[in-house]
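K.L.:
I am attaching a structure below and will ask some questions about it afterwards.
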Amino acid sequence: MSVGFIGAGQLAHALVKGFTAAGVIATHRITASSPDKDLPTVTGLRKMGAYFTTSNKETVNKSDVLFLAVKPHIIPFVLDEIGPDIEDRHLIVSCAAGVTISSIEKKLLQYRPAPKVIRCMTNTPVVVREGATVYATGTHAEVEDGKLLEQLMASVGYCTEVEEDLIDAVTGLSGSGPAYAFLAVDALADGGVKMGLPRRLAVRLGAQALLGAAKMLLESEQHPGELKDNVASPGGATIHALHVMESGGFRSLLINAVEASCIRTRELQYLADQEKISPAAIKKTTLDKVLQQPGVTTTGVGVRTGLNLFNSNPKHKKN
Ligand SMILES: NC(=O)c1ccc[n+]([C@@H]2O[C@H](COP(=O)([O-])OP(=O)(O)OC[C@H]3O[C@@H](n4cnc5c(N)ncnc54)[C@H](OP(=O)(O)O)[C@@H]3O)[C@@H](O)[C@H]2O)c1
């Protein structure tokens with residue numbers, strides 16, 4: 001079996017690192033593509049021994065399991081590009097937030113009678129093999145296809161099958177969840193620093209407290225509320241702190257955060273359906289289709305379009 005990634009960003013990098021650490025697939029059987037050769041994630045993939053190409057078609061040709069790891073609004077363009085190259089052996093696994101199985105199947109059915117599609121939602125802790133993944137199988141994917149994906153994803157954390165209509169909520173909870181945890185540790189460390197701890201130690205202790213609490217919860221049969229009660233002794237320091245958190249609306253804030261991420265995820269399918277793309281996101285690999293549309297011209301290395309482009313924030317470069 002060989003594995004390919006269309007898109008060589010944060011998620012692809014995290015998955016390849018996790019798969020490699022798990023020993024579930026040899027890196028020389030992994031191919032990844034993205035238009036930009038100079039991304040830090042591309043350098044990382046190459047260092048790990050994965051094959052990198054700027055051609056999505058080459059990734060398709062070299063792979064059996066094909067992860068779609070591009071931003072949701074890029075998905076329709078990528079599907080139009082790779083659709084003619086999809087064969088019976090290919091299992092298409094979309095990691096894109098909000099993008100539905102039916103929208104992917106609809107695109108691919110233009111090229112093949114029964115494309116095998118799986119939609120999954122994972123998160124970046126796959127890099128340390130502590131990911132949280134759910135997946136739903138498409139109309140033409142077989143039970144064995146689901147099992148194959150489960151084998152891969154379970155090697156880098158928790159993985160379970162769900163009904164597709166739950167996946168947006170999962171995105172709001174565990175897909176975005178690591179960001180909530182990083183914010184929490186950062187804020188906890190600020191508290192420690194305010195009270196005199198050196199920053200490094202404060203961050204370490206905050207992270208360890210979250211890690212330990214999560215492990216205790218996963219290894220016990222107890223409700224999180226019960227575990228919380230166990231550490232709040234009458235009249236003690238912790239119950240005073242918990243009161244402060246409740247007064248600040250801590251629970252509501254987290255509930256609202258999960259809801260906001262879920263609602264935004266649902267909007268992403270709508271954006272993908274528009275098949276409009278910001279100039280910054282137009283890349284060589286999808287340019288052909290974009291260039292065929294009226295009012296689009298290239299100028300040097302950049303691209304100007306007369307299309308009704310949707311607004312996207314300037315790209316936030318990571319790493
Ligand atoms: N990161 C997470 O925590 C996470 C969790 C769950 C699901 N996801 C999903 O995973 C997907 C990828 O997220 P990410 O965080 O890895 O994003 P990312 O870091 O921005 O990576 C996306 C990659 O796709 C590349 N790309 C852009 N246009 C392309 C094209 N036409 N063909 C091939 N590659 C292209 C990008 O290159 P450029 O940088 O040059 O544009 C970049 O390498 C998203 O759909 C997201 O919803 C992410």
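Using the three backbone atoms N, Cα and C, a Cβ is placed for every residue, glycine included.
Worth saying up front: this structure is predicted, and the values here are computed from it rather than measured.
Annotations per TrEMBL:
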DOMAIN    3-98  domain 'Pyrroline-5-carboxylate reductase catalytic N-terminal'
BINDING   I6, G7, A8, G9, Q10, L11, S34, A69, V70, K71, P72, C95, A96, A97  NADP(+) binding site
BINDING   N56  NADPH binding site
DOMAIN    164-268  domain 'Pyrroline-5-carboxylate reductase dimerisation'
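How buried are the listed features, and what sits near them?
P.N.:
DSSP assigns P72 (NADP(+) binding site) to a helix in the three-state reduction. Within the same chain, the residues at least 6 positions away from P72 (NADP(+) binding site) whose Cβ sits under 8 Å from its Cβ are A96, A97, G98, V99, L268, Q269, L271, A272, listed in sequence order.
In the three-state DSSP assignment, the secondary structure recorded for N56 (NADPH binding site) is helix.
According to DSSP, the domain 'Pyrroline-5-carboxylate reductase dimerisation' (164-268) comprises 88 helix, 0 strand, 17 coil.
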K.L.:
Over the domain 'Pyrroline-5-carboxylate reductase catalytic N-terminal' (3-98), what is the model's mean pLDDT?
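P.N.:
Computed over the domain 'Pyrroline-5-carboxylate reductase catalytic N-terminal' (3-98), the mean pLDDT is 96 on the 0 to 100 scale.
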K.L.:
Of all the Cα pairs drawn from I6, G7, A8, G9, Q10, L11, S34, A69, V70, K71, P72, C95, A96, A97, the residues the record ties to NADP(+), which distance is largest, in Å?
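P.N.:
Farthest Cα pair among residues binding NADP(+): 18 Å.
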K.L.:
To the nearest whole angstrom, what is the C-alpha distance linking I6 (NADP(+) binding site) and N56 (NADPH binding site)?
P.N.:
6
K.L.:
Please report the Cα separation of Q10 (NADP(+) binding site) and N56 (NADPH binding site) in Å, rounded to an integer.
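P.N.:
N56 (NADPH binding site) has its Cα 17 Å from the Cα of Q10 (NADP(+) binding site).
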